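Taken verbatim from TrEMBL:
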- 200-626: domain 'Anoctamin transmembrane' (DOMAIN)
- 208-231: transmembrane segment (TRANSMEM)
- 243-261: transmembrane segment (TRANSMEM)
- 314-337: transmembrane segment (TRANSMEM)
- 357-377: transmembrane segment (TRANSMEM)
- 400-421: transmembrane segment (TRANSMEM)
- 501-524: transmembrane segment (TRANSMEM)
- 591-614: transmembrane segment (TRANSMEM)
Amino acid sequence: MKVTLSALDTFESSFTPLVVIELVQDVKEETKEWLKNRIIAKKKDGGAQLLFRPLLNKYEKETLENQNLYLVGASRLRLLLGAEAVGLVKECNDNTMRAFTYGTRHNFKGFDDDNDDFLTMAECQFIIKHELENLRARDEKMIPGYPQAKLYPGKSLLRRLLTSGIIIQVFPLHDNEALKKLEDSWYTRFTLKYQPVDSIRGYFGETIALYFGFLEYFTFALIPMAVIGLPYYMFVWEDYDKYVIFASFNLIWSTVILEVWKRGCANMTYRWGTLVMKRQFEEPRPGFHGVLGINSVTGREEPLYPSYKRQLRIYLVSLPFVCLCLYFSLYVMMIYFDMEAWALELHEDSGSEWTSVLLYVPSIIYAIVIEIMNRLYRYAAEFLTSWENHRLESAYQNHLVLKVLVFNFLNCFASLFYIAFVLRDMKLLRQSLATLLITSQILNQIVESLLPYWLQRKHHVQVKRKVQALKADIDATLYEQVVLEKEMGTYLGTFDDYLELFLQFGYVSLFSCVYPLAAAFAVLNNFTEVNSDALKMCRVFKRPFSEPSASIGVWQLAFETMSVISVVTNCALIGMSPQVNALFPESKVDLILIVVAAEHALLALKFILAFAIADKPRHIQIKLARLEFESLEALKQQMALMMPFTHEIE
């Protein structure tokens, strides 16, 4: 028998809360009632058909603060039908991955009518978020009680409520029992072991699990570079042959690890179902605005914004601003070199131990300034990209990533390129690279994890004291959890985490033949980074909504681009080495031609390796091809069944 959404009850008095909605304190009663009715209304009436109740009852509201917190959940049947609606992919009993449908639910591995663990909590929260975001205006012209908050047919109500400031935030709740189990297997015991990536995916979703999977993979991939680099550094090898061997290994290593990662990523995402999950049609992002019109693709009414206006904003405002920031970064770099010259002159005049320590001070100050400039520029880049008014979130993210990567690359590496190819001071290059790498790693650990964790612990103690002082008869555990989590910082995504790894990859691959200890320091940092990032996700930030992902996205291209640049850099460094120059005492033109030829040959080898190593393992390719074949066959059968009805109508 086919089960429809109209059969669901949305008035269960007790349910497991999955998502919290916080409204602004002075929100109007009519707005609350309207929002509640739209959330619990049946799908056929334009509702989300979810379960909804306030955190506090009427008596508790008179006693406590935080009156505008509401809990959202869903019945098991509603979640299963929602899983079908969003296209979740699950493993079948025959070990294939297929899109889940309620009608064929018993064909899926692990499904049982009495088992509530078929969907992970992260998937349940993703379904609820999807349903809330798809609550759309019907005949309303405005949000009740707020005439300035205009609506039009098809507009996402949640996005309008967020942009109008009526809803402060929507966030998923932690499951304290599941979180404790995850922490015990993840980071509370400091041991060298593989991360529980599947458990991370079950709790936080695929996007975050992929980041931690990549972090672990990248850390282990750095170990060969560190092992080879340690004796190279300790014995001060200056022999030309060994210099070339290390640089060549660096180039092959940077290519192979990225190609092998693609294969490992395909294995993981196929197992999770996101590799074969159909991409949803992308809706306009919340901040997108324009003149109301008809979308030529969907036929729905929505804001339209001319692309030429966006291009004008990009090329006449954003591009000049980015160039100005790049110029300022270079100006700060030249100040740093003036400080280096001053410190060196002071040391040469004095020659004391104090002045020898002072030689490292300019690099440390410059490293701190670089981190500050990177963070300030990030805010400016976000503002500019938002002002450009991109319709889709993917377009917004791509433009933001491009702006941030260009600035960060120049800001972090310009001084190293200047030292290497203008000053040609290899001793200063080693010193600057070591100082920049170590200082940035220490600062990132403090700013991203330790400081927020300390602030969060202080707030946690205050909330506990406040809850313990309450006389009201309430569910203090749930109240404390919601109040504590709503004050946590919001995790803004994996952007900064990938950016940190990208810059680290640059330090290792661009100049590691000059400073081979770079890989060793990166490995040490990443072993602590795994634990500090895990702590940050579990105890510092609110739980983020799960987001299905099939890869690390644009960051794969960013890492591959960096590896191409590293080929050019390392070939140039080899060409500048005294041993190579000694082979061409007469003609520098011959030297340049040979270096360029070697660089082209290595690039060719790099692209041959990338082509030879398939992005997906053979067994995954076969499974994907089989799924595509079965889909086409099912479509043919459906068309064949429709043909007789078409002839009858004619």
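The backbone N, Cα and C atoms fix where each Cβ goes, and this holds for glycine too.
Where the annotation comes from TrEMBL, it is an automatic prediction and has not been curated.
Counting only same-chain residues 6+ beyond the ends of the transmembrane segment (357-377), those with a CB under 8 A from a CB of the stretch are 325, 329, 332-333, 336, 339-340, 342-344, 346-347, 404, 407-408, 411-412, 415, 431-432, 435-436, 439-440, 443-444, 447. Stretch with the most C-beta contacts under 8 angstroms to the transmembrane segment (314-337), considering only 208-231, 243-261, 400-421: 400-421. Touching of the transmembrane segment (208-231) and the transmembrane segment (501-524) is concluded from the presence of at least three CB pairs under 8 A, sequence neighbours closer than 6 excluded.
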